[in-house]
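Engineer: Could you have a look at this structure, given as structure tokens, before my questions?
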Amino acid sequence: MKPYLVLLKPRVIWLLVLASVAGYVYAAPVVDWGSLLALVVVGVLSSGGAAAFNHVFERDIDALMSRTAARPLPRGLVSVGAAFAYASAVSALGVLLSLAWLGPLPTLFVVLGWFSYVVVYTVWLKRRSWLNVLAGGFAGNASFLTGYVFGRGTLDWPGVLMSFAVYLWIPAHIWSLAYRYREDYRRAGVPMFSTVVDQRTAVVAISLLNIASALYMAFLYVLFGGDPLGYVFVAPAVGLTLYTSALALVKKSDDAFWKMFKASSPALALFLIALVLH
């Protein structure tokens, strides 16, 4: 059973589910706990199903990379056919439950997010262009917007602008990881930003992107009148990102860069929690 759980990438999708929750709680006039639970279930299934497809389509790449060689498909713990059927069933269930529980507009963003990650990022661009992350990053927007339109009943500019906090985080996070494992990506022939430019350019660009991401979070929270309690979460989120990014920018060492990567997920989580407290 554990290999099938691993296929869902729970350590990755929890932030996307939290983004949906934050979008819903921020946008909804009144939080309905049954609706919130439905949103979480749909988020786990749709994001997890997309992640499982990623395992299927990248099994050859995973086998070549030290970071991913122990995943279920390269190790033969799950057959390709079983993994494909599992990914299809989980994804379909997520979409059907979204349509039944959340409605057409949230389901549109569920489908767009799934399509962005599975088709645009994984199948189309992952092996072709370093722009893969930028094009597939809409999956982050879609996660937030699924919850937002579910709570508000419509799409508006505040929701769109807030969704880009997740979008900006995605390339900064993934490129930081790819920098750490850049030799893995080169060996597998995957063109990530950190493998197609020199190391100095990669360090400077990714560090500055992290800084921009943190400042954008702060800007959003001030712009949309966050609850004062939320600043208890936003301040360390921004401060942590600025500190680790500046450290990586100055030291330009693998260790400093890894600390920046490790800080990025908690920083986004703190920002999303601040929105929940709005």
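Placement of Cβ uses the backbone N, Cα and C atoms for every residue, glycine included.
Relevant sequence annotations retrieved from Swiss-Prot are reproduced here:
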| type | residues | note |
| --- | --- | --- |
| TRANSMEM | 4-24 | transmembrane segment |
| TRANSMEM | 35-57 | transmembrane segment |
| TRANSMEM | 73-93 | transmembrane segment |
| TRANSMEM | 95-115 | transmembrane segment |
| TRANSMEM | 130-150 | transmembrane segment |
| TRANSMEM | 157-177 | transmembrane segment |
| TRANSMEM | 204-224 | transmembrane segment |
| TRANSMEM | 230-250 | transmembrane segment |
| TRANSMEM | 257-277 | transmembrane segment |
Engineer: Among 4-24, 35-57, 73-93, 95-115, 130-150, which stretch has the most Cβ pairs under 8 Å to the transmembrane segment (257-277)?
Structural biologist: 4-24
Engineer: Near the transmembrane segment (35-57), which same-chain residues lie under 8 Å Cβ to Cβ, leaving out any that are not at least 6 residues past its ends?
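Structural biologist: Result: 7-10, 12-13, 16-17, 20-21, 24-25, 28, 71-73, 80, 83-84, 86-95, 97-98, 101-102, 106, 110, 113-114, 117-118, 122-123, 139, 143, 146-147, 150.
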Engineer: Do the transmembrane segment (157-177) and the transmembrane segment (73-93) share at least 3 Cβ pairs under 8 Å, sequence separation 6 or more?
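Structural biologist: In this chain the transmembrane segment (157-177) does not contact the transmembrane segment (73-93) - fewer than 3 Cβ pairs sit under 8 Å.
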Engineer: Restricting to the same chain and to residues at least six past its boundaries, which positions have a Cβ under 8 Å from a Cβ of the transmembrane segment (130-150)?
Structural biologist: 16-17, 19-28, 35, 39, 42-43, 47, 50, 98, 102-103, 105-106, 109-110, 112-114, 116-117, 120-122, 159-160, 162-167, 169-171, 174-175, 191-193, 195-196
Engineer: Are there residues at least 6 beyond the ends of the transmembrane segment (95-115) whose Cβ is under 8 Å from a Cβ of it, and what are they?
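Structural biologist: Same-chain contacts beyond the flanks: 35, 38-39, 41-42, 45-47, 49-50, 138-139, 141-143, 145-147, 149-150, 153-155.
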